[in-house]
Amino acid sequence: MEMIGGDDTDTEMYGALVTAQSLRLRHLHHCRENQCTSVLVKYIQAPVHLVWSLVRRFDQPQKYKPFISRCTVNGDPEIGCLREVNVKSGLPATTSTERLEQLDDEEHILGINIIGGDHRLKNYSSILTVHPEMIDGRSGTMVMESFVVDVPQGNTKDDTCYFVESLIKCNLKSLACVSERLAAQDITNSIATFCNASNGYREKNHTETNL
C-alpha cells in the first residue's frame, strides 16, 4: 500500500490502518467449520517490558494465571518444548499438555498449542502479543490474545467462544493486576533510592562544611 500526499490527519489514519493490519496478520488463525475463533484486547498501565517479562515465562504461567496451580516443563523453555499444567479444583479439567509454538522477544509474540489433557479444548491454539501504548500520558501496554478451538459435540460456537473468552478475560485481568502492582513497586523503589541518595549527598556536604 502506498500513500500519496495528505495532511497530518491522513498520516495518523494511515498509520493506524497499517498497525491494525499488522496486528491482524499476527493473529491470523485458520478456522475450520467445526471451530470457533476470537480475539481479546486488554490495556495495562505498566510498561511493555514488564508485562512481557511475565507473559514470556512459558515455564511459569502461574505467575499470573489464577487457574494454574503447578507447571512442569520438560527441558529448556524453547520452541517445541512441552509443559504439563495442573489446573486448580473447581474447573472442568485437572491437567493440560501444551507446546510452545512461538516465542519472539523482539516482536513480543507468544504462541501455544494445547495437545493433550483431560479437558474439552481440542486443537486449541492461541497467540498472545504485547504492544507499547500510551495510557493516561504514561507508558502502558496493549495485550492482544487470540485463539481457535474445536467446538465440542453438543455445544454451539457461541457457547464455546463464551467459555474460552471468560477464561482469557480472567487471565488478562490477573496479568494487569500483577503487572501494575510490580510497576508501582518499581516506582516506589526508584523514589526510595533517589531519596536515600539525596540524603547521603546532603549529609556529605554538611560534614564537609563543618570541617
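Note that Cβ sites are derived from N, Cα and C of the backbone, with glycine treated the same way.
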Of the ranges 89-93, 99-103, 169-173, which one does Swiss-Prot flag as motif 'Gate loop'? 89-93
Say you check the Cα of L167 (site 'Involved in ABA binding') against those of the binding-site residues K65, E98, N123; which is nearest? K65
May I ask you to report the DSSP-based helix, strand or coil state of P66 (site 'Involved in ABA binding')? coil
Per 10 Å Cβ neighbour count, which of the recorded positions T94, N123, S125, T156 ranks highest? S125
